[in-house]
Amino acid sequence: MADPGKGRGRSLALLQALKKSQMMDSPSQSESQSPESTPEQSTAPSTIASATPSTSGVSIGGRGRAAALMLAKMQQKPGSTTPAIFVPPSSTSAPTAGTGRGFKLLQNLQASQKASSQIASSQVTSSAQSDIKDLTEKMSETSVSAQASSVAKNKYFREVKDTPPVVKKGETGVPIEVTCNYIYLNFKENIVFEYEVKFEPDQDYKHLRFKLLNEHIEHFKEKTFDGTTLYVPHELPDAVRNLVSTNPYDQSKVNVSIIFRRTRRLSEMIHIYNVMFKCIMKDLKLIRFGRQHYNEHAAIQIPQHKLEVWPGYVTAVDEYEGGLMLTLDSTHRVLRTQTVLSLIKEVVQTEGANWKRKMTDILIGASVMTTYNKKLFRVDTIDDKMSPRSTFEKTEKGETVQISFIDYYKKNYGIEIMDWDQPLLISRDTKRMPGSDTPTDFMICLIPELCQLTGLTDDQRSNFRLMKDVATYTRITPNQRHAAFKKYIESVMKNETAKSRLAGWGLSIAPETVNLTARTLPPETLYFGDNVRVPGKPNAEWNSEVTKHSVMQAVDIMRWVLLFTQRDKQVAMDFLSTLKRNCRPMGIMVSDAELVPLANDRTDTYVLALKKCITSSVQLVVAICSTKRDDRYAAIKKVCCADNPVPSQVINARTLMNTNKIRSITQKILLQLNCKLGGTLWSISIPFKSAMIVGIDSYHDPSRRNRSVCSFVASYNQSMTLWYSKVIFQEKGQEIVDGLKCCLVDALTHYLRSNGQLPDRIIIYRDGVGDGQLKLLQQYEIPQMKICFTILGSNYQPTLTYVVVQKRINTRIFLKSRDGYDNPNPGTVVDHCITRRDWYDFLIVSQKVTQGTVTPTHYVVVYDDSGITPDQCQRLTYKMCHLYYNWPGTVRVPAPCQYAHKLSYLVGQCVHAQPSDVLVDKLFFL
C-alpha cells in the first residue's frame, strides 16, 4: 500500500491556502463550528471520499485530486449538496508531504506571509486572498492530470439539471420534412425507489449476492440491482424489507435487509432504460453480440460463399432536446457457415507443413462465435500442443478435479467432439476477481470444431463478387431500414413479456418514429484555375469538372523518378505517355521521368533503388508494383516519408492494365501528384480573412498495442487549401494534450512565417472523442490549448471554436418522398429535437450515397468564444467538407479531419516513425 504521506500535493496545497484565507475572513469564528452554521447533510450521494487525520502527526498527503474537487464544494452556501465530511489535518501536524508544484508555490506563499507578519489584519486578509488568486492562476498554467477532472459517479444515475435544454438553431436553408430513427418513450410516473441491500453474514462475491436476492424474485419482478443498491418502480411493503435466503453452495442461511434510502426521478435513471431494452431483446429471442442483438432465426444464407448474414438491432436510450427517446437502428453480422476446424483442414491441404503460419495470419485478431452458447471471443493464438484430450482443473462439489475437454462438453452441453486431435484456439482476457484490487489474466481454450468465424478476411473483402452479394443484404435502402423499425415496434407491442416489462416501470413506446423539420443548405460554388467558376450541384459532386478545368495552383513535374520491374515495363511506358497526354488540360507540365527498371519485385530491391536514386533535386518518386503487398508498400513509404523524404506514389500495375480506364485513372493520379507536391485543385468561398482551421484524429497502431498515433493538420492560407501537418506518438497512459500543444505552437509559427501575421480566429475539429470525454475535453484539454497562445505573444488572444466530430453514430435521417423514404441531399442539417439536451450540437448529412442509407455526422461545439452564430458554424462545417482533394465531391467529415485520418493511418500502419519536416507543408500522405 502506498504511503499516504507521499504525493505531489498540488490540489492539497491550494486547499490549505483557501482554508487559511477563510480563517482570516472570519477571525472571531470558533475553531469548531456551531450546529447552526453547519450545512445540512444532503441525502445525495457523495462524490468525494471522506478522509481521516493521521494520529501519528503526519499530515494528509496524496495527489490532492479530491481536495481540488472540494474547492468548489467548500464555497457552496449552506443547504446545497455537500460532500462527505472531510477532516482536516491537525494543526500540530508536520508539513504537508506533497512534493509537487502546488506545494512549492505554497512554501513561497508561507515565506512571504512570514516576512510580512507585521501587516494589519485587514491587509493580511486581502493579501491571502490575492495570494490564493495568484496561486490558482499559476496552477491553471500547469499540466494538471486529466484524472483530476474526473469524478466517480454511480453508473445507475446521473445529475439531472433543472436548466432548460441548450437550443442553438440555425435558419439558413430550405426547410424539408424528415423522419429519423428515434422513438419517443412515455412514462406515467417519474419516480424510482432506491434501496440499500445488506447481507448478514456479509457476502463478498457479487454473483452470489444476485443469487441470494433472486430467491425472492416474486417481490422484485422489475428491478435493477448492482450488488449493493436496488432500484424498483414501486415502494416495497414492510413485509419484504427483511428476508432470509439460502446460500446455494453451503446451504447456510443469509439474512437480507432491504433499507429504503431515497426516491429518484426516472429521468435520472438512463441506465435502467438501457438495461430494460437489453432484457426486451431477450424477450424477443435475439442474441447479443457486444452492443448489438441479432436474430439467428432470420439468418440469410449466401451458400456460394459459405456465408450467412444475421439481421439485428442496436438500441440506446437517452434524454434529448425533445425529451426521452429510444435510438433504434438495424444492423447486420456476417458469419461463415463453415467451422474453424473445416477451415484448418482446407489450409492443411493447400499449405501442407506451413498450415500454422497461414492459419495464424487468418485467425489472430479475428472474432469467432461458439456455436453452443453464441458468444464471441477474440483469437490470440493457436496452441497445437493442446487438443480436446487435454485436461484442466474444475471445481465440483467443493473439490478440484481434472477433466478433459471431451468430457466437459459432453457433460455440460451434451456435445460429442468428433476430432480428438485438433489444436485449440486460445483467447486471453483480463478480469477483476471479487475481493481483488488487481486484474487477473485468464486463458480461454476454444475447440475449433465448435467455433464459427465472424466477419470477412482481407482476401474476401478484395473479392468483388462476394462483396456485391453481401452488400445486397447489408446495404439496405431507407425504405427497408424504416420497415425494420416498424417491425421492431410491432414486435415489442405484440410481445406480452416485453409489454409487461415496460408497463412495470410505467413506460410505453410510441407507435412510430419521430418526425421533424430539417434544412438543406445551399450548394457551394467551386473555383478552379483561370478564374473558372462552377455552380454547385444538389448531389455535391464535380467529377467531370475536375479533369475538364485547370487546377487552382499547378506544380510542374520536372525532375522525377519512375520505378518498375522488367515485366511491367510496357505498363510503365503506357502510363507515362498517358500522363503526358492528359496533363495539359489540367494546367500541369510533366517532363520525362528518370526510368529505373528493377530486376525483381522484392521489397529490398525497391528500397535499395529508392535510396540510390533519391537526391535533393528529385521532386517526386513513382513506384509501379506488380502485386499488392502491404509489407512492400510500407517499406517504400518508410523510405520516402522518413528516411529519404520525398513525395511518393505507389501504383499497383494491375490498375493500369485496363485500357478502357487507364485515362481516367491516370488523371486521378495526376491530381494526387499535384497535391503531394504542394499544389491545390479547387477552392470555395471562405468568409474569414484571417483564420486557421485544424483537424485532429487518432489511429491505434495494431503492431504496437500500447501506442496510438495522433495527427494534427492545420490550414495556413486564407482559402484553406494549403495544409501543415504534424504527428504525435502517444504511449499508453500518456496525456495527448502535451503533444497537441506543441503541434498548435508549430502550426501557428508556420502560419506566421507564411503570412507575416498570426490568425485572428482558430477553429479546431477534433475527431475520435466519445460522449464520455466531452466534459474532460471542455474542462481540461481546451484550457491547456489556450495557454499556447501566450507563447507566441503576451497580447496574442485569438478566438477559439472547438468542435468535436463524431461519425460513428447510430442516427439515421430519412427524407419523406412520394415513394416512401429516401436519403436526404448533401447539406441537410438537423439542429433540434434529436440533438443533445445539454450541449450545443447539430447533425449534417454532407455526402451523397448511392447505395444503402446515409449516416449523418454529429458535431458538438464544446467551446466557442468567437460569437459565430449557429448558421455560420453549420455552413463553415459544410464548406470544409468540400476541400478534400482525394475525392471530387463532399466527404463525410471536414477536410482537415479527413486529412488527419489519412496521415495517422499511413504513419500507424506503414511508417511507424515521425515523417520528415521536409514534407510538413504538403499533402504527401494522400
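Yeah, the Cβs are placed from backbone N, Cα and C, and that goes for glycine too.
Quick look at what Swiss-Prot lists:
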REGION    1-62  region 'Disordered'
COMPBIAS  26-56  compositional bias 'Low complexity'
DOMAIN    339-455  domain 'PAZ'
DOMAIN    620-912  domain 'Piwi'
BINDING   GLN672, LEU926  Mg(2+) binding site
ACT_SITE  ASP697  active site
ACT_SITE  GLU735  active site
ACT_SITE  ASP767  active site
ACT_SITE  HIS901  active site
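Within the same chain, residues at least 6 positions away in sequence whose Cβ sits under 8 Å from that of HIS901 (active site) are ASP697, TYR699, SER711, ASP767, VAL893. The Cβ of LEU926 (Mg(2+) binding site) has 18 neighbouring Cβ atoms from other residues within 10 Å, across all protein chains displayed. DSSP places the residues of the domain 'PAZ' (339-455) in helix, strand and coil in these numbers: 36 helix, 45 strand, 36 coil.
Looking just at the domain 'PAZ' (339-455), the mean pLDDT is 87. In three-state terms derived from DSSP, GLN672 (Mg(2+) binding site) belongs to a helical segment.
Sequence-distant contacts of GLN672 (Mg(2+) binding site), defined by Cβ-Cβ distance under 8 angstroms and a gap of at least six in the same chain, are GLN649, TYR885, ASN886, LEU926. ASP767 (active site) has a Cβ environment of 24 other Cβ atoms inside 10 Å. Under the DSSP three-state reduction, HIS901 (active site) is assigned to helix.
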